[in-house]
2 protein chains.
Amino acid sequence: MAAKSSLKTPKGTRDWVGGDLLLRDHIFTVLERHGGTPLDTPVFELGSILSEKYGEESRLIYNLADQGGEACSLRYDLTVPFARWLSMRSDVQHIRRYQIAKVYRRDQPAVARGRLREFYQCDFDIAGVYDPMIPDAEILCIIVEVFEALEIGVGVKINHRNILDGLFEVAGVPADRIRATSSAVDKLDKAPWDEVRQELLGKGLTEEVVDRVGGYVQRRGGMREMFASLGSDAELAAKKTLMEGVADMELLASYLEAMGVVDKVSFDLSLARGLDYYTGLIYEVVVDGTNQPTQVGSIAAGGRYDDLVGMYGRRPLPCVGISFGVDRIFTILDARRKKKSSSNLRGQAEVYIMAFGGKEFEGLLLERMRVARQLSGAGIRAEFSAKVKPKPLQQFNASEGVPVAVMLGQDELEAGQVRVKCLHVGDKDAAKDKGQLIPRENLVDEVRRLVAGTP
Amino acid sequence: MAAKSSLKTPKGTRDWVGGDLLLRDHIFTVLERHGGTPLDTPVFELGSILSEKYGEESRLIYNLADQGGEACSLRYDLTVPFARWLSMRSDVQHIRRYQIAKVYRRDQPAVARGRLREFYQCDFDIAGVYDPMIPDAEILCIIVEVFEALEIGVGVKINHRNILDGLFEVAGVPADRIRATSSAVDKLDKAPWDEVRQELLGKGLTEEVVDRVGGYVQRRGGMREMFASLGSDAELAAKKTLMEGVADMELLASYLEAMGVVDKVSFDLSLARGLDYYTGLIYEVVVDGTNQPTQVGSIAAGGRYDDLVGMYGRRPLPCVGISFGVDRIFTILDARRKKKSSSNLRGQAEVYIMAFGGKEFEGLLLERMRVARQLSGAGIRAEFSAKVKPKPLQQFNASEGVPVAVMLGQDELEAGQVRVKCLHVGDKDAAKDKGQLIPRENLVDEVRRLVAGTP
């Protein structure tokens with residue numbers, strides 16, 4: 001038997017119930033609208049599938065215990081399982097897929113800010129060989145449309161791995177410190193430059209190199225303006241991979257202009273993304289508003305990862321995609337919605353079946369059951385009191401929130417009639433409304449009409 | 001890097017994609033219709049929450065590796081997490097909840113028969129103190145309605161733990177062998193009596209006791225007939241808990257008759273259910289048809305568990321519920337549906353945007369992007385070729401399965417016009433149909449009208 005003190009969910013996890021789940025479902029519905037092919041993968045993968053994909057973050061992977069058989073780990077994101085699936089399905093040359101599922105990270109949880117150890121991600125990815133930057137532009141367009149639909153004001157920060165790595169090389173960062181420099185720079189959205197500067201010095205870079213890095217990565221601005229600034233620097237302009245990155249970004253900008261979303265996007269040279277597998281464009285979505293920009297961190301992020309599928313040894317396949325942080329989006333929308341009754345645990349019954357009678361009232365339970373079965377057989381969600389002889393007040397209380405009532409009485413039943421009524425119409429006349437008496441055989445049609453007419 | 005040989009999902013798990021997921025979603029929709037309050041719990045629980053709940057089956061529980069912190073296990077079913085949640089939420093006195101989620105068992109998988117190590121269950125439970133057998137009858141009614149809606153012919157076998165245990169006691173089974181006897185008897189749906197008889201003899205029961213057990217548990221039949229048979233046996237009639245079970249069943253039968261589902265239900269004294277936590281009515285749903293009754297085993301099962309919530313030490317709360325085996329239901333429906341193209345991986349785009357031109361055709365990519373954004377901004381799922389200069393045939397092939405096309409041409413665009421057309425109307429006139437030329441500003445309305453009009 002469990003001790004009382006251990007009656008809880010594991011650290012960093014939570015239960016979801018009632019109204020909270022309905023809000024989460026609303027988020028899913030918006031995300032699904034951008035569709036593509038749905039994919040669902042197992043919650044755990046072979047350990048070898050996940051290894052060497054996440055760099056430093058690998059220490060946060062949950063492993064299953066060795067109980068004999070294969071070594072397995074809980075999925076850390078939805079990108080690596082998608083790449084694994086693409087490697088196995090070599091018949092798939094082009095696909096737009098989406099997946100909504102929980103992922104697992106042994107991180108320090110901060111539940112109030114929507115940071116959990118078990119959390120939902122929604123991923124949308126485009127895999128296949130296409131003309132440059134067209135799928136990338138589509139993904140950015142989807143990001144903008146999703147947050148428009150959710151009515152959350154956001155900005156999308158973008159950068160390009162080739163540009164970032166090129167800048168570091170020009171600044172004099174040794175090749176073996178590029179990723180470490182990148183991950184230090186990525187903290188610039190939460191920490192001031194001085195702090196990042198100290199970290200870089202601690203990694204063995206010289207003051208001169210660090211200050212050149214600082215000069216580059218603190219630039220940000222509109223896309224066109226940034227291209228001009230990068231192109232006018234002779235040292236940068238001589239760096240081939242860097243200028244290829246700039247050319248990608250210029251093409252992207254023209255597409256974003258055509259799609260009318262370019263004003264949502266800013267070019268931010270400090271954006272680096274921690275994960276190892278990105279190879280080109282990278283992006284991160286942050287909530288508008290200067291007073292609480294980092295409270296929930298980024299609420300969506302992604303990029304291009306052209307080499308990940310090839311790492312499984314069967315064939316290369318370029319991909320680009322986005323992960324939406326469903327729980328962080330939930331935290332924002334939840335804070336905004338009007339607080340309803342704290343225990344919003346009612347189901348969604350459409351009809352409540354009651355029975356009333358005089359002194360010798362026997363409860364009419366079998367009749368209530370017959371009517372319930374008739375209605376639910378017709379696809380109408382019906383409930384009734386699970387008491388043999390329920391009191392009128394008990395039945396009215398139990399019907400709270402249900403739009404329609406069917407009321408049974410012995411005399412009326414004997415005359416082949418039942419009473420139907422709209423509940424909670426919200427004005428004073430409601431109490432006086434006795435509903436209407438209808439022939440028993442019209443019950444399903446009449447209830448359907450009333451349910452359809454209620455808000 | 002993963003070796004090629006390990007490019008697979010873990011044993012007993014599978015990916016779900018495209019049409020398969022849409023069929024699974026259809027099953028979810030039917031199950032959700034019976035609603036109640038949705039609940040979602042973490043995929044893993046503290047180990048102590050799961051321990052001592054599953055009897056012999058506990059060996060099939062997946063544990064997480066010890067990486068510091070709490071000992072956790074993957075959930076084995078949805079019933080125990082629900083009981084844990086009810087214990088924590090002592091403000092909840094009555095609830096009808098449903099949960100659809102994956103559960104985990106380290107069992108021998110048989111994928112073709114829908115038996116996996118990771119599989120979906122859909123649980124519907126009613127918790128709270130109610131008048132006897134009313135929620136139990138409601139659950140049985142939901143079972144019947146769900147399989148009516150899924151168009152799967154089923155029978156529901158029911159039994160009662162008090163009756164079963166009473167029979168064993170009257171037959172002379174010692175108290176400490178009751179559960180073992182029960183789990184041997186439960187195999188009677190797959191094995192002949194002779195085999196079960198040998199197992200019981202192996203457990204140290206005498207021939208006389210075993211043969212009395214056999215005489216009882218091989219009885220089955222209509223409910224009323226079985227009550228009469230049990231009641232007419234003086235030895236059984238003297239057993240108080242047994243006759244209380246019979247009284248429960250008689251009450252239940254009257255409710256099932258009122259709900260018109262009694263003909264789907266048969267009283268089967270060999271039904272025992274392996275899990276320890278059941279306390280009263282138990283049931284199992286099997287597919288109709290004598291030629292393949294056990295191919296997928298039972299497709300739903302459940303019962304009353306009045307003591308499980310109390311095991312967590314805070315308060316007792318009686319519960320009754322049902323678990324639907326979603327993957328087994330999937331296996332049945334999948335075998336039945338017409339086989340579609342093997343790689344049913346298309347998304348659900350509603351419109352495909354094409355562009356055509358003469359010799360100097362530049363592809364009109366930015367125009368296609370503008371139109372795509374205009375349509376998707378209006379909530380219409382639009383796709384276009386991710387090529388700068390796509391060929392006509394490439395575009396027609398890529399539009400397969402999409403109901404509506406928007407066709408762009410340079411001259412028409414300059415005249416402020418676009419062409420819209422229904423695709424794949426399925427008769428010979430389709431090829432001749434050039435669609436209709438409309439003003440650009442009517443595009444969204446016209447596409448919406450065409451999309452709504454297609455099947």
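Backbone N, Cα and C define each Cβ position, glycine as well.
In TrEMBL, annotation is done automatically, which means it is predicted and not curated.
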Of the residues B:R59, B:R105, B:R314, B:R315, only one is listed by TrEMBL in the L-histidine site with B:D77, B:L78, B:T79, B:Q121, B:D125, B:R273, B:Y277, B:Y278. Which is it?
B:R105
B:D77 (L-histidine binding site) falls, by three-state DSSP, under coil
Span of B:D77, B:L78, B:T79, B:R105, B:Q121, B:D125, B:R273, B:Y277, B:Y278 as binders of L-histidine, largest Cα separation rounded to whole Å, comes out at 21
Is it possible to get the count of other C-beta atoms within 10 angstroms of the C-beta of B:Q121 (L-histidine binding site)?
20
What are the sequence-distant neighbours of B:Y278 (L-histidine binding site), meaning same chain, six or more residues apart, C-beta distance under 8 angstroms?
B:R161, B:G303, B:R304, B:Y305
